[in-house]
């Protein structure tokens with residue numbers, strides 16, 4: 001843990017796009033735009049007067065963005081502590097969870113103070129969980145620095161860590177008090193990480209917004225290159241997620257639609273041992289979404305043309321779409337089934353899948369026969 | 001972890017006293033009466049059809065009550081796993097928290113299944129926290145086997161573990177789905193533990209029910225000996241707690257009244273390193289309540305007669321009431337102040353205390369001057 005003080009030149013910050021998440025007392029705003037980290041100090045001072053902060057980030061993110069944030073907070077006269085964790089999925093673990101909590105308690109933060117999650121999904125999920133349990137719940141701010149985190153994990157209050165039994169099996173629902181999605185932070189992402197996040201953007205089109213999917217097919221180059229389409233795409237994704245979270249905060253119903261591609265995707269992450277050199281989350285989701293469409297074709301629900309169209313778009317942006325695309329292989333159909341069974345979405349042994357009748361026509365199928373899934377996976381593994 | 005199967009003779013169970021906790025979707029019943037553990041299987045089968053269970057208990061409680069519970073659940077045809085932890089406050093720790101979670105995940109319990117907390121406050125707080133975070137929240141049943149747990153910790157949804165910074169600093173609010181308070185389980189308690197729980201019973205009189213306090217002064221022997229007064233006292237305490245929890249579930253206001261005696265009490269537990277051979281929670285609360293009344297006299301809020309009356313009753317039942325009653329001492333006033341500052345009830349450095357204008361006239365004072373508290377403690381330490 002270290003405290004950092006720095007100063008930065010004053011930066012002009014364009015008015016951000018605001019997406020409200022309407023959850024009553026637990027409601028909050030998502031601000032989207034370039035340079036938001038540079039203006040964070042002022043925004044925080046205005047929204048949370050008198051509060052103290054602990055910024056929790058990882059080494060990689062710190063290198064790119066921490067000075068901008070601490071400079072802005074220092075300029076705004078805010079009192080804060082900084083905690084730097086090791087980068088990577090390995091930090092979503094009990095030991096790091098415990099040590100982050102210890103840092104927050106050592107800093108004597110109180111219930112009204114705030115944690116700041118500066119980083120990607122790993123930092124957001126971990127810090128949200130820490131905030132959810134320290135003193136039985138303190139406030140926190142998400143400052144997502146990856147595309148994946150900006151359009152998915154920073155919004156909606158799902159927090160958690162991984163265990164040897166699977167991903168995100170331990171956590172809480174705990175909503176942030178503010179999300180600052182600085183779109184210029186995405187310029188420092190590796191192309192592979194940007195693509196992985198893009199899978200979650202495309203997902204919102206595939207769930208129930210065929211016009212958005214068509215728009216992405218036409219404009220994805222602008223989204224990737226950082227043109228005006230990028231903010232538009234992120235805001236559309238956030239609006240879609242905010243809507244679903246509003247109607248089903250704790251995933252007892254329609255929120256499950258956000259898991260399109262995730263049952264297969266999580267299983268692929270599990271069998272590759274969450275080894276990001278082989279497969280990152282968004283890539284698992286891309287393959288999962290392609291498989292969900294193909295499985296829906298297999299079940300005579302979806303036309304082969306729609307499945308081919310989805311696969312073609314994901315491949316056009318450079319995402320993997322086939323089990324064979326995972327370096328080192330993904331094991332047997334039986335191993336994939338075992339991983340699927342440990343998923344949180346299993347109820348009384350019944351498999352819940354998000355299936356589809358075509359682009360933008362997804363639905364929750366909560367009684368899928370395991371044998372049919374296994375046979376389908378066996379077929380796909382044979383190529 | 002072990003699975004146990006046993007059979008017991010059918011036991012006649014008297015109709016229990018039912019205290020509902022009215023929290024809407026999160027509402028539940030507290031059942032109070034003798035022999036409830038023997039009838040638990042049937043009660044669970046009726047309330048939670050089709051669910052699976054993990055019973056989490058400690059070695060000491062297991063010896064007295066586990067066979068009764070597993071026998072009853074086996075008779076009712078329920079599917080369950082048993083996890084036995086080491087007895088004692090030490091189990092409210094990160095390592096035990098992690099290992100209990102691992103047991104629950106290994107048993108492949110799903111979100112709709114239930115954990116059963118069979119034991120005292122340590123088991124209840126730990127298991128409630130485990131239930132609150134596994135798969136972002138599963139259901140659980142409290143089966144409190146100590147008086148303290150029956151009248152306090154099993155009701156209201158506060159869960160948590162301890163850290164080196166203090167007690168209960170990490171946890172969640174997570175309501176149980178049912179509380180079964182088997183009053184015959186209290187017959188196996190050591191007298192010291194029964195007395196410690198009694199401190200929390202008396203607390204409800206001291207907060208806002210002077211008639212209940214007077215009733216306890218007249219009937220405490222019946223409560224201790226297991227006469228009909230025992231169920232009456234427990235039910236009155238549970239009703240009082242259920243009412244406070246209903247109006248302020250997450251302790252943003254009046255629920256803080258339940259902390260009467262606890263700011264001093266927690267500090268005493270901290271400075272004695274949670275060493276139960278020196279001081280158990282209820283004893284800390286007893287001393288804390290006596291001090292809260294004396295401090296209120298010191299502040300010219302409460303009459304010396306009322307403070308003396310409170311002290312006399314606590315001493316009559318055999319509870320400690322003075323700092324000098326703690327074996328091995330409690331350190332300096334400065335050390336006690338440091339422990340008080342780490343308490344969750346501190347806001348922006350301001351001390352919140354529950355003070356009183358007399359028996360049954362407690363109130364929240366949220367801006368107590370630290371110097372005055374320190375001077376008062378210094379005086380008390382001098383005898």
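Every residue gets a Cβ built from N, Cα and C, even glycine.
Please treat TrEMBL annotations as automatic predictions, because they have not gone through curation.
For reference, TrEMBL has these:
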DOMAIN    B:83-195  domain '3-dehydroquinate synthase N-terminal'
TRANSMEM  B:114-134  transmembrane segment
BINDING   B:121, B:122, B:123, B:124, B:125, B:145, B:146, B:158, B:167  NAD(+) binding site
DOMAIN    B:197-346  domain '3-dehydroquinate synthase C-terminal'
BINDING   B:200, B:262, B:281  Zn(2+) binding site
In the domain '3-dehydroquinate synthase C-terminal' (B:197-346), how many residues does DSSP assign to helix, to strand and to coil?
107 helix, 0 strand, 43 coil
Give me the DSSP three-state residue breakdown of the domain '3-dehydroquinate synthase N-terminal' (B:83-195), ordered helix, strand, coil.
47 helix, 31 strand, 35 coil
From the Cα of residue B:200 (Zn(2+) binding site) across to the Cα of residue B:125 (NAD(+) binding site), what is the distance in angstrom?
16
Chain-mates of B:200, B:262, B:281 with C-beta within 8 Å of site centroid, Zn(2+):
B:148, B:152, B:199, B:203, B:261, B:265, B:282, B:284, B:285, B:288
Which one is closest to residue B:262 (Zn(2+) binding site) in space, judged by CA to CA distance, out of the binding-site residues B:121, B:123, B:146, B:167?
B:167
Looking at Cβ-Cβ distances, which residues of the chain lie under 8 angstroms from residue B:121 (NAD(+) binding site) while being 6 or more apart from it?
B:144, B:146, B:148, B:149, B:152, B:153, B:154, B:281
Rounded to a whole angstrom, what is the C-alpha distance between residue B:167 (NAD(+) binding site) and residue B:200 (Zn(2+) binding site)?
17
Round to the nearest Å and give the CA-to-CA distance linking residue B:200 (Zn(2+) binding site) with residue B:123 (NAD(+) binding site).
18
Binding residues B:121, B:122, B:123, B:124, B:125, B:145, B:146, B:158, B:167 (NAD(+)) - maximum C-alpha distance in whole Å:
21
Are there any residues in the same chain, six or more apart in sequence, whose C-beta is under 8 angstroms from the C-beta of residue B:123 (NAD(+) binding site), and if so which?
B:56, B:57, B:58, B:61, B:85, B:91, B:117, B:149
